[in-house]
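Q: I am attaching a structure below and will ask some questions about it afterwards.
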Amino acid sequence: MPAVQMTGVGGAVPAQVLTNYHLSELVTTSDEWIASRTGIRSRRILAPGQSLTQLAARAATDALSQAGRSPLDVDLLILATSTPDDLFGGAAHLQHEIGAVRAVAFDLTAACSGFVFALATASQFVRTGTYRTVLVVGADALSRYTDWTDRATCVLFGDGAGAALLEAGEVEGILGFELRTDGARAGHLNIHCTAEAVPLAADMAATRARFASITMNGREVYRFAVEAVPDLIEKTLAACGVAPEQVKAYLLHQANQRILDSVASRLHVAPERMASNLADYGNTSSASVPLILQEWVQDGRIRAGDRVVLAGFGAGLSWGVLLARWGRL
């Protein structure tokens, strides 16, 4: 049975920068108010005419280049997204955009947990020998579903894309994972589908659907995150026989700096090992974990063989933790 290694990572964000000062002109808020409560100073937003597929393609190409692979090497492509350009799915469009013509492609939707869920899924395809080279992409454009008059949510979200390449190898790089879902709390974070009646006959109608803006019970989501995430990290590490201090970096979904600080405190992790890029990008949903991984690999803070914890959490409610050793081993 082949081992699984994470051999490349890439990231991409739009050029358009939306700062807290811009938002203070839209709603009653300030840079200090937003930053002190979230850690966010700015976020990147897709401009009109720009597609999520194009953004995801940049991240995917970056990951392949770092791993020394071409799109023709990819056997399977998984796109983790909640905001595809096409409701039928974005993965096929991405496959075409990057020229991965030999790859099977499908979407996986698990909101802000999506990238971790997709990595875990991809690892099983490699481990069973079904596929040898799997490209996992997390990309979202939550700006498309943001109510820019809602101060509670419009300050949080940005757009972005990140990607990682998994390959079969001799030495195991995916050490373990745990995934969870609690549908009883699904109502705490949503983009609801609303429907308008379309008359078809005297006694018959269909519906025309559209998606509303993001709604969130911030207090409940925060409570869930600071309790469930560190607990699952501890369970994952224990199952793998790894102590928290043996992990080089904790790469969590970038939702709120207070959540990151709380998890670090609970795990007794030094602040410098709890990665954060919230100040620059905000909450990019399924893109946040690969984006922060790409940053830390690029600047040398993560090197081949280092243990890293990847953790996603969000709508569903869903949460997942994956322990890996980075790089070609």
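Heads up, the Cβ atoms here are built off N, Cα and C, so glycines get one too.
The active site feature in Swiss-Prot is assigned to C112, H253, N283. The region 'ACP-binding' annotation in Swiss-Prot covers 254-258 and rests on sequence analysis.
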Q: Under 8 Å Cβ-Cβ from H253 (active site), six or more apart in the same chain: what's there?
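A: When sequence neighbours closer than 6 are ignored, H253 (active site) has C112, S113, N283, S288, V289, A311, G312, F313, G314 within Cβ distance under 8 Å.
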Q: Could you tell me which three-state DSSP class N283 (active site) falls into?
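A: Reduced to three states, the DSSP call for N283 (active site) is strand.
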Q: Pull the DSSP breakdown for the region 'ACP-binding' (254-258) and write it out as helix, strand, coil residue counts.
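A: Secondary-structure breakdown of the region 'ACP-binding' (254-258): 2 helix, 0 strand, 3 coil.
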Q: Reduced to three states, what secondary structure does DSSP give H253 (active site)?
A: coil
Q: Pick out which of the active-site residues C112, N283 has the most other Cβ atoms within 10 Å of its own Cβ.
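A: Ranked by Cβ atoms within 10 Å, first place goes to C112.
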